[in-house]
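The feature transmembrane segment is assigned by TrEMBL to 23-44, 51-68, 74-95, 102-121, 127-143, 239-261.
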Amino acid sequence: MSTLSDSIYKLNKIDDLGKQESVIHNINPVSKLIVTLLYILFVVSFQKYNISGLIPFVIYPILIIYLADIPIKLVFKASLIGLPFIIGLGVFNLIFERTVAFYIGIVPITWGAISLVSLFVKGMLTITAGILLICTTGIEGLAKSLRDIKVPKVFTNQIVFMYRYIFVLIECVNEVYNAYMLRAPNQKGVHFRLWGSLLGHLLLRSFSRADRIYNAMILRGFDGEYVTFTNDKMILKDFMYMLFWILFFIIIKFINIPLFIGDLVVGSL
């Protein structure tokens, strides 16, 4: 099943990217987490019809991708996961906000269409920021940074275990699907009559695998605390990283740079 194999490859690739060495990877995870959270906060705080103000926020992911040497194609494909959800929410704007804002030629552009585009841009920027945080920090670094800012360990453990179990679950699904296809080589996909039994079988296998994983963790001394064996303290470069991005976000939040440049160009004509 190529789709599942691709999913496993992408997850492994994202996991491996968190172990690279780069300027961004060497920044303290707490700094990157705080910057990412502030970035998301600034992006979602824009008024729903404001598209031009969001444009400068594209600079942040572009710079991170470049400095951290992350494949842009991988990030783009991963960010498309949330696209159906974004469109599903935004389509209601098209339905309920039919007032025409302006025309492009003879084509009317409604406020609903503008808010849909704004929602799409916000969604893609925030999802991309989250993906870049994982790619440059790794799940262990993210868990440590969450614990450093006093997030309860029950939440950090759930995040780490859910992330890790995704790999196990996809591998289980791949094994079940391959076993089915070996027994029905001429069948295109899984017959709908078998969906229930296969899902039940997958659920039982998941319970069994989860129990074995938990027992293995207990035997290795797990006591509810996720230990990363790192104790990196924030240094000057980490504070400078935060300060730079926070100032940058404040500037592009309160100064509409595309509109400002447009006014300068129009004024000079």
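Including glycine, each Cβ sits where the backbone N, Cα and C put it.
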* Asked: Okay, the transmembrane segment (102-121) and the transmembrane segment (239-261): do they have at least three CB pairs under 8 Å, pairs separated by 6 or more?
  -> no
* Asked: For the transmembrane segment (102-121), which recorded stretch in the set 23-44, 51-68, 127-143 gives the largest number of Cβ pairs separated by under 8 Å?
  -> 51-68
* What same-chain residues lie close to the transmembrane segment (127-143): Cβ under 8 Å, and 6 or more beyond its ends? -> 14-15, 17-19, 22, 24-25, 27, 29, 32-33, 36, 39-40, 43, 60-61, 64-65, 68, 70, 75, 78-79, 81-82, 156-157, 159-160, 163-164, 226, 228, 230
